[in-house]
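TrEMBL has this to say about the protein:
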{"type": "BINDING", "residues": "R62, S63, G64, N75, T79, V80, D81", "note": "substrate binding site"}
{"type": "COMPBIAS", "residues": "149-160", "note": "compositional bias 'Low complexity'"}
{"type": "DOMAIN", "residues": "15-142", "note": "domain 'dUTPase-like'"}
{"type": "REGION", "residues": "137-160", "note": "region 'Disordered'"}
Amino acid sequence: MTETVDVPIVAPAAPVYAHPGDAGADLVSTEAVRIEPGRRVTVGTGVAVALPEGYAGFVVPRSGLAARHGITIVNAPGTVDAGYRGEIKVTLLNTDSSEPYDVAVGDRIAQLVLVPVARAVFLPVDALPDSVRGTGGFGSTGYSNEQAGEQTQTTTGERA
Ligand SMILES: O=c1ccn([C@H]2C[C@H](O)[C@@H](COP(=O)(O)OP(=O)(O)OP(=O)(O)O)O2)c(=O)[nH]1
């Protein structure tokens, strides 16, 4: 059984979970806009919420829009703080190189995922505890062949 959390909302309509078990509730546009290729537009959703302390809302792209039209969110995941009472807005980016994308009022443009968050208490120390990864980052597990002048390729065709 999925945990539920009560979230006070001011909106023309509440975001809807399309299916049982969906992590994201769809946010819809209150604006009709054209997004030219390579351009970004910030779009209103009409939704304002009061998230409980200890939670954040992540505004994340919709996979179908991304795969079919190249529409993503510039700052994905956009972070809605628990203390934020303003309208949730979505900065859409059209990554397609040639096709504009038209957003109509009521179009589902993004989804809101509620996540529990912890706050860190940062404790300055002289040295960090050892770990298996250590300081390796930014592709440290996957770029050794590329550095040697070759690239590895996965079965899906992506460069590894
Ligand atoms: O995609 C997003 C991301 C954020 N917000 C709202 C909620 C969030 O609580 C507030 C501030 O976001 P963030 O902290 O990411 O922005 P900032 O540029 O760091 O601004 P600030 O100085 O207000 O924190 O803007 C949105 O409506 N949509």
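Numbers here mean position along the shown chain, with the first residue as 1.
Using the three backbone atoms N, Cα and C, a Cβ is placed for every residue, glycine included.
Annotated features, which come from TrEMBL, shown on the structure.
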residue : record                 : contacts (Cβ under 8 Å, 6+ apart)
R62     : substrate binding site : D26, I71, R108, I109, A110, Q111
S63     : substrate binding site : none
G64     : substrate binding site : none
N75     : substrate binding site : T91
T79     : substrate binding site : A56, G57, F58, V59
V80     : substrate binding site : V49, L51, A56, G57, F58, V59, I88, L112
D81     : substrate binding site : L51, A56
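Per the record's binding annotation for substrate, residues R62, S63, G64, N75, T79, V80, D81 show a top Cα-Cα distance of 26 Å. Checking the binding-site residues S63, G64, T79, V80 against ligand 1 with a 6 Å cutoff on the Cβ atom leaves T79, V80, in sequence order.
Secondary structure by DSSP for the domain 'dUTPase-like' (15-142): 7 helix, 46 strand, 75 coil.
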